[in-house]
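Participant: Not my notes, these are from TrEMBL:
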TRANSMEM  16-34  transmembrane segment
TRANSMEM  40-57  transmembrane segment
TRANSMEM  64-84  transmembrane segment
TRANSMEM  90-106  transmembrane segment
TRANSMEM  113-133  transmembrane segment
TRANSMEM  139-159  transmembrane segment
TRANSMEM  314-331  transmembrane segment
TRANSMEM  337-353  transmembrane segment
DOMAIN    338-449  domain 'Integral membrane bound transporter'
TRANSMEM  365-386  transmembrane segment
TRANSMEM  406-423  transmembrane segment
TRANSMEM  435-457  transmembrane segment
Amino acid sequence: MSTTNGAPAPAKGSPMLLVLFAVVLAPTFLIGYAVGAGSASVVGGFVAMYSLIAFLGGPLRADLRLAAALSPLLLFAAIVPRLLGEVSRPAAIGVIVVIVFVAALLPLRGPRFVTVGLGLGMVTLFAYGMALIGPAGPWQVVIAAVTGVATAVVLRVLLGIGDPSKATREKIADVLDADVPALTTAFDTWLADGRRRWLGIALGAASHYRLALHSAEAVQRAQQAEAADGELVALRTRAHELAERLRTKKPGPAPQAGAGEVTIGFGTEASAALDAVERAITERDTSRVSPADRLRTSVLRPSVRLRSIQVRHAVRTAFGLLLILVITSYLPAGDPLVATALLTTFGILQASWRETLNKARPRVIGLVGGAALAVVIILVVPAPYLPVVALTALVVALWNMMSRPAVAYTFMVVVTVGFNTSLRHTDPVHTLVEYAVLTLIAALIGVLVGFAVVPGLRPEPLRQRIVAARAKTEQALRAMTGPDRAEALALHRAAAQARAELTPDREQLDDDQLAELDRFRAALRDLSMLGTTAALGRTSDTERLRAALDEAPAPADGETPAGLESIVAGLADQVRTSEAQLLAALPDR
């Protein structure tokens, strides 16, 4: 978002994490102490918070099914490594590495499982590394973990019981008015939420609207038709109004004003798609659509291959955590900074080097600024006031964590030094030095060691993956026009895998190239969505699909191709154009 003069709007803090702390941690602490968890209640509190992160993200029905399946694994991750570490630390490290590897692989099941993997990994590392202020027996750890997971489930029910399908409607509404619509995420969410017919119709019509709108914008740019700007704005305005009605649990009556006359190319198709969305919202047919589980499994979930982006990330994450676990094993038992080192390493490690660097940079900047601030506080603030300073710093850190992470990590240094000095009676200088060393080690592991040690698993150069993704997507769509459905599904799996690997690895792309890569991915996803529609039985579309995918000369004046054919042809041309621009900018190898 930008301001009117073109300058980016300043990032603003958010109370979301503060609210999360208050709503999740405080009740879990109290319940934990009430049921006998003792000092281990702090572990239960953070288990509850990280478990809730894993349970949130979809409609209530799907999230509760996920919670039922995931809760045993979360309990195992919160209990076994910590208790096993008291008997055999190497065995505990081995279990943690396996759990983290599994957590890093979970996003292969779909975008919904990104937060699931994050929550599972953080539960494991925090429960293992958290140093308790007082003694806690094995059963107290078990009670704390069970209390944490149970509290997270109860909170998930309370957060969603008033509107169980809110997440589904929001994701479908985003297809109408979001800058980058996540069609596959919306489709997957709809499937998980009971496949209500009216939402399925709205999703299908919304996807056709976005495709038609893309084509209309392309026509407008090609013809330099400034007069069409008003029509495009009217279409977007109407789409936004419908999206808001879709997000509302009980929408008001539809506006009486008509859609208006549309003359720009593809504008009629876009307007008709919006009409279909409006009819679906008005009628709200809540009957269920027959499931298509085999198609969902084959198309939306890429296969697990050794050279895939996510598998390489999982191997790198497991290796990085193994290193930091071994390093921290030499620290004294009960060292309060072990959990900090583990979570920092886990947070820095990302699928690409650029993303990893972006995660490491604010932590290093915050370390420098926080160290300087902590030194001033140590010299100026009397020891009895350190808890107040640390609590204030915690509020500032949580407020800025999402929008200004460098500021947040600056104050987290003060939080660490202040609380450990006042509550655990550690030397502040020693705590600050240890914090700095462990943070730098975590950054080094994430940015350099992980990417240097896993070179054999690197994918092909990005330009080759771009060509392969386009070719496999078109091949899969052409196969849908034939009689062999099994072959089509296998090709769709390969195409989904190829699109999932369109992430820069060693390539250094500037912002314009990254934006072009995003457009390329989005266009491929749109093509795949039309192919999915054809696979569900729309035979009249499959005949046009074959011709539309072939590169052909532009139609003569006065020739207007049919609606779906023209949309697919425009998208295929957009994919080829974007591919050519990317290949021209990337090195040959």
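Yeah, the Cβs are placed from backbone N, Cα and C, and that goes for glycine too.
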Participant: To the transmembrane segment (314-331), which of 64-84, 90-106, 139-159 is linked by the most Cβ pairs under 8 Å?
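Facilitator: Against the transmembrane segment (314-331), the leading stretch is 90-106.
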Participant: Looking at 16-34, 40-57, 113-133, which one has the highest count of Cβ pairs under 8 angstroms to the transmembrane segment (64-84)?
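Facilitator: Maximum Cβ contact count belongs to 113-133.
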Participant: When each of 16-34, 40-57, 90-106, 139-159 is checked against the transmembrane segment (113-133) for Cβ pairs under 8 Å, which one has the most?
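Facilitator: The listed stretch sharing the most Cβ pairs with the transmembrane segment (113-133) is 40-57.
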Participant: So what's near the transmembrane segment (139-159) in sequence-distant terms, Cβ-Cβ under 8 Å and 6+ beyond its ends?
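Facilitator: Distant Cβ neighbours of the transmembrane segment (139-159) are 23-24, 27-28, 31-32, 35-49, 51-52, 54-56, 60, 63-64, 67, 71, 74-75, 78-79, 82-83, 127.
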Participant: Please indicate, using numbers and ranges, the residues of the same chain that are 6 or more beyond the transmembrane segment (40-57) and have a C-beta under 8 Å from a C-beta there.
Facilitator: 20-21, 24-26, 28-29, 31-33, 63, 66-67, 70-71, 74, 78, 82, 112, 115-116, 118-120, 122-123, 126-127, 130, 132-133, 136, 140-141, 143-149, 151-153, 155-156, 159, 167
Participant: With a Cβ cut-off under 8 Å, give me the same-chain residues at least six positions beyond the ends of the transmembrane segment (90-106) that come close to it.
Facilitator: 76-77, 80-82, 84, 113-114, 116-118, 120-121, 124-125, 128, 304, 310-311, 313-315, 317-318, 321-322, 325-326, 329, 346
Participant: Go ahead and report the DSSP secondary structure tallies for the domain 'Integral membrane bound transporter' (338-449): helix first, then strand, then coil.
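Facilitator: Taking the domain 'Integral membrane bound transporter' (338-449) as a whole: 98 helix, 0 strand, 14 coil.
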